[in-house]
Amino acid sequence: MKTLGRVLTAMITPFNADGSIDFEGAVTLAKHLLNNGSDGLIVCGTTGESPTIDNEDKLKLFELIARECGHLGSIVANTGSNNTQRSVSFTEAASKTGVHAVMGVVPYYNKPNQRGLFEHFKAMANATDLPVIVYNVPGRTGGKITPATIAKLREACPNIAAVKEASGDINVAAEIYHLLPEDFMIYSGDDGLTLPMLAVGGCGVISVTSHVVGNEMQAMIQAYEAGDVVKAKTINKELFPIFKAMFVTTNPIPVKYAVRQLGLPAGPFHLPMCEPSDEEIAVINEAIKPYIK
């Protein structure tokens, strides 16, 4: 099965002290990730603090990462919002930056019904020739897209190519696999559910913890695909503490702190994201200790 990769990292966005994007640091981080287990990157997604970055800066970052790192892996631009017209125009603009695919989240706050979701993603897909990833994350958006709607979308728009499934319900992934063609890519949106999702038709993960354990995530998936389920389970068990630690508080707070401890570009947060508490730092430090060289 051809995919955008098995491990796609939802990359943090490094900032300078004044809050501007550290473009040089972003390239350094992107290259590090792509050389350490990541097959591709999601740029300016939730983990990249997308809501607090303006579109002009996003386009600059898409173009820069695609140009400097596109030969190392798949570069995916997050272009969706809860405004269809803006999502369409931004998708059109992002598609000209050299990225390999785009991603759109289920519209948040306004909570459209399934017909509205169909029309929203259809409009996005029709705005580009690139593969489109549908991001289903009810815990953040207050709404969800059903497997049946995803299947209807794929039938109407062949470039609806993948889903980032972060509902936390394995049955949703299983139903998507049942309804969609074999070449449709199902990515786990939860690091801790990557292994079980592979068993019901998943092809990989859009990961946060791969900032720290990209090679280990890659090894787990490769072991499963090679039929060595025992090895895959063993790796998954070893990674469990870091899966928990990276979500001890709201993402991307733990992972951005962790990236700093690795000595990689990260910088401060944009409010309303803020520094982890002392208690949270203790949990994160304990989990990442084995991976700091």
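A Cβ is built for glycine as well, from the same backbone N, Cα and C atoms used for every other residue.
In TrEMBL, annotation is done automatically, which means it is predicted and not curated.
Now, the feature entries from TrEMBL:
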SITE      T46  site 'Part of a proton relay during catalysis'
BINDING   T47, I206  pyruvate binding site
SITE      Y109  site 'Part of a proton relay during catalysis'
ACT_SITE  Y135  active site, proton donor/acceptor
ACT_SITE  K164  active site, schiff-base intermediate with substrate
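Recorded features from TrEMBL, shown on the structure.
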residue: T46; record: site 'Part of a proton relay during catalysis'; contacts (Cβ under 8 Å, 6+ apart): A10, N78, V105, V137, R140, N251, P252
residue: T47; record: pyruvate binding site; contacts (Cβ under 8 Å, 6+ apart): A10, M11, I12, V208, N251, P252, V255
residue: Y109; record: site 'Part of a proton relay during catalysis'; contacts (Cβ under 8 Å, 6+ apart): N82, T141, G142
residue: Y135; record: active site, proton donor/acceptor; contacts (Cβ under 8 Å, 6+ apart): G45, N78, G80, M103, G104, V105, V106, V163, K164, A166, G189
residue: I206; record: pyruvate binding site; contacts (Cβ under 8 Å, 6+ apart): L8, T9, A10, I42, K164, Y187, S188, G189
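Secondary structure at the residue listed as 'active site, proton donor/acceptor', taken from DSSP and collapsed to helix, strand or coil, is strand.
Within 10 Å of the C-beta atom of K164 (active site, schiff-base intermediate with substrate) sit 25 other C-beta atoms, taking all shown protein chains into account.
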